[in-house]
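Below: one structure, written as structure tokens.
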């Protein structure tokens, strides 16, 4: 089943808006199933695509016989009800047509229940997180799953209406303990870093785990997802001066894209942390101990971007 599902998944793109039952492409459908014991199953009428009305046919789901005749009423509620329904000729057992069903779980108010992905704590427990290191129009989108989902498939794209064409790489998996994080690099074509953005980018992530379907969205301006790389710093012991350079990945010229900085001093002896603000690329810190740890972070000076991660130790 997983091979068939993968082939289907790679051939179609899904509509953004859900109805109780909607068509993905010919013979492939998503069924909204209210996820409680009292809700009834969805009744779906299947019709065998045979031009010969007199041809005897029967229906199978996997290896299970589901009925005979050109029309079949299928009840779909739980995951075992989903999958491939195949119409075959009674005499030669040749496949005449098929209907493939995926299930998306909804609550009593009709909202999709999303459980395949794990949320990031920041920002705001989002499922689909996008960040940009600069104003080039290139950004990284990430999402996470439990490691117990080896067959999950993803498609990410921009929704119609976003200005400019956006292309994304294939997802790359990074497994750490019980979680797998997937990342893609996307680029907005013909993006001008010096122009004001008037229309947000809307990214749409579609997820299939066996026969379960979910989708996730993220809407943003590039300026709102900026998170610079950390500066590169060093410490001059003779006069207690910390100096640093702009991240190599940051936009140029720096006179147009200036950064502001914070310098952190962690005293191992006094168990104390001090943070200093800086506009320039150096600061003199008096009375630092030989084992004190110093690091630097940066953010956009004129726009309230996210702070970078702290740099590696300056000494």
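A Cβ is built for glycine as well, from the same backbone N, Cα and C atoms used for every other residue.
The signal peptide annotation in TrEMBL covers 1-20. Sequence annotations record features per position, and here TrEMBL assigns domain 'Ig-like' to 15-97. What TrEMBL lists as domain 'Fibronectin type-III' is 227-315.
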Original post:
What counts of helix, strand and coil residues does DSSP assign across the domain 'Ig-like' (15-97)?
Top reply: 3 helix, 44 strand, 36 coil
**OP:** Kindly report the helix/strand/coil residue split of the domain 'Fibronectin type-III' (227-315) according to DSSP, in that order.
**Re:** 0 helix, 37 strand, 52 coil
**OP:** Grab the pLDDT values for the domain 'Fibronectin type-III' (227-315) and give me their mean, rounded.
**Re:** 91
